[in-house]
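Undergrad: I have a structure here, written as structure tokens, and I will follow up with some questions on it.
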Amino acid sequence: MSASTMTPGEIVSELDKYIIGQNRAKRAVAVALRNRWRRQQVADPLRHEIHPKNILMIGPTGVGKTEIARRLAKLANAPFIKIEATKFTEVGYVGRDVDTIIRDLTEFSIKQTRELEMRRVRSHAEDAAEDRILDVLVPPARNAMGEPQRDDGNTTRQTFRKRLREGSLDDLEIEIDIAQATPQLDVMTPPGMEEMAEQLRGMFAGLARDKTKPKKIKVKEAFKLIIEEEAAKRVNEDDLRAAAIANVEQNGIVFLDEIDKIAARQESGGADVSRQGVQRDLLPLVEGTTVNTRYGMVRTDHILFIASGAFHLSRPSDLIPELQGRFPIRVELDSLSADDFVRILSETDASLVKQYTALLATEDVQLAFTEDGIKRLAELAFSVNERTENIGARRLYTVMEKLLEELSFDAGASSGQSVTIDAAYVDAQLSEAASSQDLARYVL
């Protein structure tokens, strides 16, 4: 089921599989996604006036802000890009300007649309690839124009077609004309001029288009290459670009991470010279403007922006007022408790417990985590967070890696063993590091 047709409740249920708690953030994101679908159902004059309500997520590091965006990207069948606000500088300074956000989003949409189109024409491309390989194996008669006159009733051709489909010819080497690969050209340009580099690459790529050369290759590999080639022939580039740009304009989502890092603090000095400039450059993008990309003009009026930040050293009110007004929905994410850590380790679909169990199972080492073992692991991770820097759920990675360090190193020699990870095992491996503040700071 596509996220565009899912109800907010279904979207939240899907996010619950990977993210514990943070219901307010999940609900806000789910409603924003559903509003996309609702807007499409509204009649045209009013539909154009309905703009997405951008979201600002506020919360400490490691509580799920980025994970919500990452899972949303997989869930939403829409152009999506996650970028760090700190990568951009004010126009005129060395660095990337904010328009590259929309250019990158358009590139993603072109790639996504091309993949969909290639899948749509794949069956026709497979038939054409089959015929081209059979033309080499059983050369047909040719007309005055040199075009093959295929006789599908030919018994020999049908025999080879059957063998080709069965895979018995996969290792046979044939010589066939294959389109030349586009030369990879690396263009060095000053920061902020990436668009010029893309145009130069496109220009040189066009020079090698439609050129073929004979190549000796196995039937199996030839079949894959020719399918790609034939599918590309059947995709109309102009229609593809128009569809991709429309998809960006109507369904695009930009996740703007670390926005707190470009909020100028009142007491800060000259080091923040370009921070307010970046905020001012973001204003028209978030409000609605037209950005020139190499595929055409892209309007940003209906692109959804989701910003997030920890706001440890600054506050949302430190953002310039105009930008604050462009993010009307504000959601605070909660710090994680020890109980949340237990749920993260045991309830999520791709929990660390499942990941490490699967990894060591490849070496025939069977891990079994008990409830008290998981609880003790969560308590230690929470305790280290309380006494040192609070990095949220990311602390579980460090603690789990330290816990299984010896086991992972000796896994090859321990093949066939079963190891139970209970509270006693966790204490034996981690209690010393967790109890010493210095060790906890540098080891965990």
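The backbone N, Cα and C atoms fix where each Cβ goes, and this holds for glycine too.
So Swiss-Prot lists these for the protein:
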type	residues	note
BINDING	Ile20, Gly62, Val63, Gly64, Lys65, Thr66, Glu67, Asp257, Glu322, Arg394	ATP binding site
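So where do these features actually land, and what's packed around them?
TA: In the three-state DSSP reading, Glu67 (ATP binding site) counts as helix. Other Cβ atoms within 10 Å of the Cβ of Glu67 (ATP binding site), summed over all protein chains shown, number 17.
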Undergrad: For each of Ile20, Val63, count the other CB atoms within 10 A of its CB; which of these binding-site residues has the top count?
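TA: Ranked by Cβ atoms within 10 Å, first place goes to Val63.
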Undergrad: Under 8 Å Cβ to Cβ from Glu322 (ATP binding site), same chain, six or more residues apart: give me those in sequence order, or none if nothing qualifies.
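TA: Listed in sequence order: Arg280, Leu283.
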Undergrad: Would you measure the largest Cα separation among Ile20, Gly62, Val63, Gly64, Lys65, Thr66, Glu67, Asp257, Glu322, Arg394 for the ATP site and round it to whole Å?
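TA: This binding site's residues have a maximal Cα-Cα distance of 34 Å.
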